[in-house]
Amino acid sequence: MTTLLRATWTRLLTNMRDPQIRRTVAYYMGGKLLGLGLLLSIMYWVIPTAVHAATGAATPTPEINAVNTVWTLVAAFLVFCMQVGFVMLEAGFARSRESVNILVEGIADTCICGILFWAWGFAFMFEPGNGFIGTQGFFLSGLPATYMGTGIPLLAFWVFQFAFADTASTITSGAMIGRCGFWGDILYSIGVTGFIYPIIGHWTWGPDGWLAMMNFKDFAGSTVVHSIGGAISLAGALALGPRLGRIFKRDGGGPPPAHDLILGAVGGLILWFGWYGFNPGSTLSALDTIGIGRVSFNTTLAACSAGLAALFYSYFRSKNKTWDLGLTVNGFLGGLVAITCPCYWVDPVGAFFIGIVAAFVVVLGLDLLEYLRIDDPIGAVPVHLFAGIWGTLSLGLFASGAYGAPTPTGADTSAVIKGLLYGGGVGQLGTQFIGSAVTVVATLAISLVLMYGLKYVGVLRVSKAGELEGLDLHEHGAVAYPEYALMGVVPSLTGHDDTTVAATPVMVED
Amino acid sequence: MTTLLRATWTRLLTNMRDPQIRRTVAYYMGGKLLGLGLLLSIMYWVIPTAVHAATGAATPTPEINAVNTVWTLVAAFLVFCMQVGFVMLEAGFARSRESVNILVEGIADTCICGILFWAWGFAFMFEPGNGFIGTQGFFLSGLPATYMGTGIPLLAFWVFQFAFADTASTITSGAMIGRCGFWGDILYSIGVTGFIYPIIGHWTWGPDGWLAMMNFKDFAGSTVVHSIGGAISLAGALALGPRLGRIFKRDGGGPPPAHDLILGAVGGLILWFGWYGFNPGSTLSALDTIGIGRVSFNTTLAACSAGLAALFYSYFRSKNKTWDLGLTVNGFLGGLVAITCPCYWVDPVGAFFIGIVAAFVVVLGLDLLEYLRIDDPIGAVPVHLFAGIWGTLSLGLFASGAYGAPTPTGADTSAVIKGLLYGGGVGQLGTQFIGSAVTVVATLAISLVLMYGLKYVGVLRVSKAGELEGLDLHEHGAVAYPEYALMGVVPSLTGHDDTTVAATPVMVED
Amino acid sequence: MTTLLRATWTRLLTNMRDPQIRRTVAYYMGGKLLGLGLLLSIMYWVIPTAVHAATGAATPTPEINAVNTVWTLVAAFLVFCMQVGFVMLEAGFARSRESVNILVEGIADTCICGILFWAWGFAFMFEPGNGFIGTQGFFLSGLPATYMGTGIPLLAFWVFQFAFADTASTITSGAMIGRCGFWGDILYSIGVTGFIYPIIGHWTWGPDGWLAMMNFKDFAGSTVVHSIGGAISLAGALALGPRLGRIFKRDGGGPPPAHDLILGAVGGLILWFGWYGFNPGSTLSALDTIGIGRVSFNTTLAACSAGLAALFYSYFRSKNKTWDLGLTVNGFLGGLVAITCPCYWVDPVGAFFIGIVAAFVVVLGLDLLEYLRIDDPIGAVPVHLFAGIWGTLSLGLFASGAYGAPTPTGADTSAVIKGLLYGGGVGQLGTQFIGSAVTVVATLAISLVLMYGLKYVGVLRVSKAGELEGLDLHEHGAVAYPEYALMGVVPSLTGHDDTTVAATPVMVED
């Protein structure tokens with residue numbers, strides 16, 4: 001049995017290096033997974049589910065609506081601020097030659113997201129239709145002034161959700177840094193924020209989503225935002241292949257160093273700051289004071305325990321006993337991603353351990369990608385996909401059984417969630433597994449089709465010459481730092497030849 | 001007729017290059033425009049205007065005042081955060097040799113603004129007096145504890161308005177980068193935040209401002225903040241002339257490249273973030289939940305449509321089909337500036353088109369300045385003055401006729417605004433034109449006098465030697481990045497000689 | 001008398017250069033000061049003090065609790081954002097070779113603080129026990145859902161106070177930049193956020209703290225956060241000694257230049273932004289609208305007057321009449337630190353002068369440290385310790401006698417504070433002096449023991465070889481900017497030999 005497993009694994013890895021086989025496998029798996037996803041969907045669609053009653057204890061007053069709206073909008077602005085963090089993190093952890101591209105991409109996907117989420121994304125995701133997709137409210141027309149009995153104005157709720165959609169879109173770009181052409185960027189961004197994110201997101205967050213109906217819970221989006229974003233990013237990295245000259249650890253190389261560690265790490269801290277909008281704001285209710293306090297606390301504690309765990313784990317396993325900045329940042333980000341799903345329902349001890357495990361998931365996940373020769377320049381897949389899966393499952397383990405759901409007038413504890421470790425059995429854990437698996441599998445399947453489609457159309461990856469020149473010069477006619485003298489050589493083409501093109505610094509005469 | 005126009009235009013351009021003529025024209029126009037402004041002012045001052053009745057539906061309770069104050073203060077803090085964005089944008093888009101100067105200038109004008117806005121700026125702008133200037137409340141003494149029936153504490157409202165005044169002051173510095181001496185900086189900052197901004201701003205935002213009385217509307221300051229700031233900046237650029245060695249496109253050159261595109265673009269995104277305080281906060285009311293939702297939404301959509309339009313427009317007109325980061329950032333900033341005036345009164349479709357047009361205004365405005373040989377290193381004039389004018393006018397086109405004004409207890413729809421495209425006739429458009437024209441003309445006139453005055457006193461522009469050395473070394477005895485090896489040469493003196501001073505990197509020994 | 005003083009001073013300075021004597025003095029003073037602190041403590045402990053009655057005018061409603069909680073949490077998030085500012089400020093003002101270390105340190109102390117403040121820090125500081133330490137609520141267990149009748153959820157209050165504790169911890173690192181080993185960083189961080197800050201902080205902010213009982217007032221922490229952080233930092237700098245090659249001004253040298261002034265100054269502005277959470281949020285009450293307005297205003301004005309004073313003072317005393325960016329930033333930061341204690345109780349004129357004096361305290365404090373040959377790379381001691389002491393004392397001078405304390409339902413003016421200059425006598429000034437002195441002395445004593453303890457264990461300072469290599473390479477196996485060509489030489493060893501190791505740029509091959 002062990003021998004068989006090992007042989008299979010070896011063959012799998014060998015095959016991973018053959019682009020022909022990779023393409024075939026991707027298509028095959030895409031099809032299979034899509035089928036499986038549909039089957040599961042239908043299965044659970046026909047199973048009757050009880051929608052737990054909404055509590056309307058008190059009718060919200062104008063004052064209550066005002067404080068809830070302020071809370072939601074301020075949170076939305078903080079989530080928007082995560083764009084600042086993302087572009088700094090990605091640009092800093094990338095090479096300087098591709099950093100302008102990251103900025104243009106980040107801004108372009110924000111703008112595309114705004115237009116599409118207005119035109120149809122919001123309708124697909126948050127308006128009623130069926131379990132799979134919303135079918136009304138295109139261009140937000142014909143909708144009531146407040147969203148679904150929350151008392152939050154529709155347009156304020158839209159801004160909050162736009163910032164979330166934008167996050168998913170930006171996460172996607174992470175593993176595709178450095179070799180994706182800009183038309184490819186634009187087209188997959190349209191796919192992400194126009195279709196994949198809102199449609200699959202509807203299953204969990206739509207008012208009649210089929211995963212929601214079966215009691216799948218994802219408070220602020222470990223699955224809906226992070227796993228979806230991370231899975232699309234993985235599909236992109238698979239379709240693109242590694243950057244030219246990227247030699248993996250098992251072949252004697254390693255990832256190129258971050259060109260500006262300070263920029264990247266500051267970006268990480270800004271993401272942490274923005275997360276205080278992401279998680280606590282997802283209550284949509286400031287009247288649930290105890291709830292927003294708990295969510296803020298759990299978010300903090302999981303980030304702290306994950307950051308420390310990553311710092312110490314990477315220290316003890318390092319050859320020269322060094323304290324790794326990049327892994328520490330990705331560690332606390334993994335903790336933040338993981339706590340995003342369960343943050344409303346767990347107690348401090350739960351948050352602490354969810355963070356610890358997330359750090360290991362991220363660090364080992366980075367190793368796995370490196371081993372599989374998948375080039376993810378900033379670790380988007382481990383941080384967002386892997387830690388997102390862990391966080392989604394963790395609810396089934398750590399939900400303390402004391403908390404239900406926020407409402408505009410306070411906490412509703414009529415239908416609490418209890419995890420395995422708190423005596424709640426495996427019910428919620430099973431549901432979380434199904435929700436996470438279905439979402440990840442469906443996202444991977446669809447986005448592999450999207451990414452390979454773009455690849456065969458010829459817009460996904462830039463030419464070799466363009467990539468060697470650097471995406472910034474090639475796609476944007478600019479370099480990030482024209483006045484600084486740079487060192488370093490352009491990478492040679494892996495395995496094909498060993499031409500080393502010397503970097504020619506761009507002389508600036510103004 | 002066409003021949004005459006062309007001849008006039010050619011002569012105008014030739015004259016623009018003669019400093020003697022430029023000076024004369026500036027004085028002449030300054031005088032004329034000042035006269036015209038005064039005439040218009042008096043004209044409208046004597047025309048009786050109906051002040052539409054304030055609605056006091058419900059007496060604000062302590063709870064209502066609290067949530068309104070929290071909203072206003074949080075918004076104020078976000079607006080303050082725009083200072084972070086501005087200095088990053090300006091420093092990043094400038095050359096490294098003048099970036100320290102930008103930071104000192106940004107901090108100094110913030111500090112000057114704080115003192116002067118306390119001493120008399122707030123009194124000039126927001127306290128009663130006559131249509132032209134406020135005449136009470138110097139050092140805020142003798143004023144009631146809350147501002148004008150808003151329920152917002154006077155000092156909280158002051159912090160909000162201080163952040164706005166500071167924005168106007170920082171905008172001013174944009175087109176004057178790289179050659180303005182620091183005593184000049186200080187003196188014009190005093191002129192801007194102590195006199196020009198608060199006095200001209202009083203006309204629109206003062207409780208008895210004469211433009212306000214004729215129903216001129218500027219919700220969050222496309223005119224009051226951005227056009228005023230941009231117009232002063234233009235006056236500064238005219239008085240200063242271009243940086244040494246700045247060769248314009250029609251002479252075979254082009255603007256020097258941004259020394260740190262990442263820094264500049266991140267600054268742009270932080271400005272977007274801060275704009276969520278600027279526009280939504282201008283309701284001063286969280287009880288008008290629908291209003292703050294609409295303003296937040298419109299702000300987002302206009303930024304997105306403008307960013308996309310600038311991205312694609314600059315792509316399609318570029319020679320090598322490149323996606324321009326700088327233009328995209330200036331594009332979405334133009335969209336934000338434009339939506340700032342009408343954001344409360346337009347519907348999504350309006351916001352969308354206001355953004356699209358703003359992008360073209362900015363990109364073509366940059367061309368115009370380049371053609372007129374006006375050196376605006378970061379595009380402050382197109383973004384703030386031109387897009388500000390467009391935004392102010394756009395209200396007269398796109399106001400949907402459904403919205404009136406926010407009050408402490410909710411929206412007041414007793415006096416709605418309806419634009420030309422929504423069947424409201426040309427009335428509001430005309431008023432907007434007058435308000436914008438009067439403000440811009442008066443600002444230009446006064447600030448040309450200020451800037452040329454400083455020039456003749458000899459404090460506006462640094463010496464040639466100082467400019468060649470770089471403002472940072474010359475005015476601040478420091479360089480931004482003493483450890484980095486820089487490339488590039490100091491620009492030769494345009495037209496006078498062609499000495500090229502080699503850059504001598506500053507060796508650091510600690 | 002004068003001769004005697006001069007001789008003593010000369011001997012003191014000579015002795016300062018002898019490490020053996022320095023060590024002895026430090027221990028001796030540590031012991032003495034600890035004794036003095038305990039004596040003072042006991043003295044005041046037995047003096048009966050009147051606890052002024054809490055006003056419970058209105059029972060807070062859910063709406064009131066909601067708006068107070070939103071206010072407190074948003075403030076907490078802004079305070080967290082100060083971490084972003086701190087790491088940028090510290091990294092920018094340091095040399096590039098130690099900037100990665102600053103980032104790892106900043107993140108690590110945040111994470112450590114989160115865990116320890118949950119485990120016991122919060123219990124030590126904010127829960128009842130005796131005048132010296134809190135003795136219940138470890139791991140927050142067994143505590144009520146809201147904090148002490150504020151209506152703020154315990155966990156929300158925790159997040160707010162965690163962000164404060166984290167600030168103290170990060171301040172500590174400032175004067176220890178560039179030569180502290182990472183195990184030393186971790187261990188002293190545990191000491192700071194696990195013991196020194198929460199225990200000494202309890203004296204002032206604990207519900208039964210002995211300094212609080214004698215009416216010592218520190219609204220948002222000039223003493224509790226800034227003086228404690230600054231004093232620990234000073235102890236660290238004394239224990240560490242200067243960086244290798246650091247030659248002081250009186251020996252013909254000067255501090256090494258900031259490696260990225262833009263990064264540092266932007267960090268300073270972000271700190272100002274975050275301070276709007278720090279001070280106004282410390283009301284814990286949005287219902288006290290007038291109070292939060294006044295605090296926001298005073299914070300702004302003191303920062304502005306301090307920034308301007310530092311700018312002009314440093315200009316007029318500079319040899320070449322240059323405007324110093326670093327001093328201006330440290331100037332406004334000093335103003336912010338100083339106003340932090342009195343911000344609730346002073347009027348605008350008070351805030352203005354508190355800022356002015358703070359600027360001089362900071363600039364002259366930097367001179368003093370340079371004269372005493374204490375190496376504080378970013379000026380943490382003058383900004384946080386010296387300006388913190390000034391701010392604490394200033395309350396005794398400038399408290400206007402009109403304001404008491406915020407409560408959940410509004411301002412309580414039953415027990416106002418009046419300073420010397422407003423006719424209140426020297427009572428409050430004396431109390432402020434005692435509170436500041438006791439806190440500083442106790443902190444210095446304990447932290448000298450901690451730092452010298454770590455030094456003798458051998459984990460405080462890295463090896464000479466490691467320091468010459470740069471902390472980033474030595475402790476983290478990374479450089480901040482591997483692609484940039486750097487200039488500059490590694491400093492020679494002071495006084496021992498004059499070997500100058502040429503910087504060998506790290507070539508990057510990816």
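Using N, Cα and C of the backbone, Cβ positions are placed for all residues, glycine too.
Automated prediction, rather than curation, is the source of TrEMBL annotations.
Pulled from TrEMBL, these are the features on record:
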DOMAIN    B:70-481  domain 'Ammonium transporter AmtB-like'
TRANSMEM  B:25-47  transmembrane segment
TRANSMEM  B:67-89  transmembrane segment
TRANSMEM  B:101-126  transmembrane segment
TRANSMEM  B:138-160  transmembrane segment
TRANSMEM  B:180-200  transmembrane segment
TRANSMEM  B:220-240  transmembrane segment
TRANSMEM  B:261-278  transmembrane segment
TRANSMEM  B:290-313  transmembrane segment
TRANSMEM  B:325-345  transmembrane segment
TRANSMEM  B:351-369  transmembrane segment
TRANSMEM  B:381-403  transmembrane segment
TRANSMEM  B:433-454  transmembrane segment
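Listed by sequence, the residues of this chain that lie at least six past the ends of the transmembrane segment (B:180-200) yet keep a Cβ under 8 A from its Cβ atoms are 101, 104-105, 108-109, 112-113, 116-117, 119-122, 124-125, 132-134, 165-166, 168-169, 172-173, 224, 228-229, 232, 236, 240, 439, 442-443, 446-447, 450-451, 454, 459-462, 466, 471, 475-476. Within its own chain, the transmembrane segment (B:220-240) is flanked in space by residues 22, 26, 164, 167-176, 179-180, 188, 192, 196-197, 200-201, 204-205, 278-279, 281-282, 295, 337-343, 374-376, 380-381, 383-389, 391-392, 435-436, 439-440, 443-444, 447-448, 450-452, 454-455, 460-461, which lie at least six positions past its ends and keep a Cβ under 8 Å from the stretch.
By the Cβ criterion (under 8 Å, sequence separation of 6 or more), the transmembrane segment (B:138-160) is not in contact with the transmembrane segment (B:290-313), since fewer than 3 such pairs are found. Among the listed stretches B:101-126, B:290-313, B:325-345, B:351-369, B:381-403, the one sharing the most Cβ pairs under 8 Å with the transmembrane segment (B:67-89) is B:101-126. The transmembrane segment (B:325-345) shares more Cβ pairs under 8 Å with B:290-313 than with any other stretch in the list B:290-313, B:351-369, B:381-403. Within the chain carrying the transmembrane segment (B:290-313), a Cβ under 8 angstroms from the stretch's Cβ atoms is held by residues 71, 219-220, 272, 275-276, 279-280, 282-283, 323-324, 327-328, 330-332, 334-336, 338-340, 342-344, 346, 348, 350-356, 358-360, 362-363, 403, 406, 411, all 6 or more beyond its ends.
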